[in-house]
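Data first, discussion second: the structure below is written as structure tokens.
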Amino acid sequence: MPSFHNTITIGHRPNGDSKRTTYLVTGASRGIGKGLVASFLARPDSTVIACVRNVASQSKALSDLPCAEGSSLIVVKLDCAVETDPASAVEELQSAHNIRHIDVVVANAAIAGAYGPTSTLPLDAVKEHMQINCYSVLLLFQATRPLLEQAAPGKAKFVFIGAPISTITQMEECARAPLGAYGLTKLAANYLVRKFHFENKWLMSFVIDPGHVQTDMGDSGARLMGRKEAPTTLQQSVDGICARIDEATKEESSGQFLLHEDGSRLPW
């Protein structure tokens, strides 16, 4: 199995072929991120780049995922808490793996913590959430933009996995959730992703609400609200996200906040 500094390749060796579909997913070691990696790997002639915090300890679970004919998995270090990691990861993808274009970037990595009312919310916690949930999205876009530009015309997509708690219009529905730092920083990232849409006419850039998903993060949030678990299964969420990505167009999807289930638009 070929390996490089902070990266591992499994399956068909990428050769820079522009006809292959190349996906990049952050937060890929578990939950929605891992589910998306598995789904994309099941598609023939795909290169799937799974971004994780620690390649040595987190690549095994990903390397066991089945690959379709002609598809390959690249596991690369990208810790969203490290400001230089997005640029370093892209540099390594180009130099060590001959990645010449990316068709779809999914900014999925996120944290949710510092539970409690905003009256006692520590500023340090806000800063930590802002780095992971917002600043890293900007840095990821800046790092991957040149490779997105090399995708086939009308194919490049930058997708942010958002959260319904970030909507201002419908805040009353989620107001009792003690997730001020999470909601605030997801909201800030929404602005950036919509801004990418307006500033880059060649790019589809949009937010997908994945639902309240049965992941470690989702179930923790559910318990805070007195529920046993989140209502949306991981597979339901992943299937919906993939469908929204596949059907996306510049005219109908880009610059929007879309529900994973049916693509309906959510208010900002």
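Glycine is treated like the rest: Cβ placed from N, Cα and C.
If you look up Swiss-Prot, you'll see Tyr182 marked as active site, proton donor. Long-range C-beta contacts of Tyr182 (active site, proton donor), restricted to its own chain and to partners at least six residues apart, with a cutoff below 8 Å, comprise Ala110, Ile111, Ala112, Gly113, His129, Asn133, Ala163, Ile165.
The active site, lowers pKa of active site Tyr annotation in Swiss-Prot covers Lys186, and the record cites similarity to another entry as its basis. A sphere of 10 angstroms centred on the C-beta of Lys186 (active site, lowers pKa of active site Tyr) encloses 25 other C-beta atoms.
Under the heading NADP(+) binding site, Swiss-Prot lists Ile32, Asp79, Asn108, Tyr182, Lys186, Val213, Thr215. Over all protein chains present, the Cβ of Asn108 (NADP(+) binding site) has 24 other Cβ atoms lying within 10 Å.
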Proximal residue to Lys186 (active site, lowers pKa of active site Tyr) among binding-site residues Ile32, Asp79, Asn108, Val213, Thr215 (C-alpha distance): Asn108
Position of peak Cβ density within 10 Å, selected from the binding-site residues Asp79, Val213: Val213
In three-state DSSP terms, the structure that Val213 (NADP(+) binding site) belongs to: strand
All-chain count of other Cβ atoms within 10 Å of Ile32 (NADP(+) binding site): 27
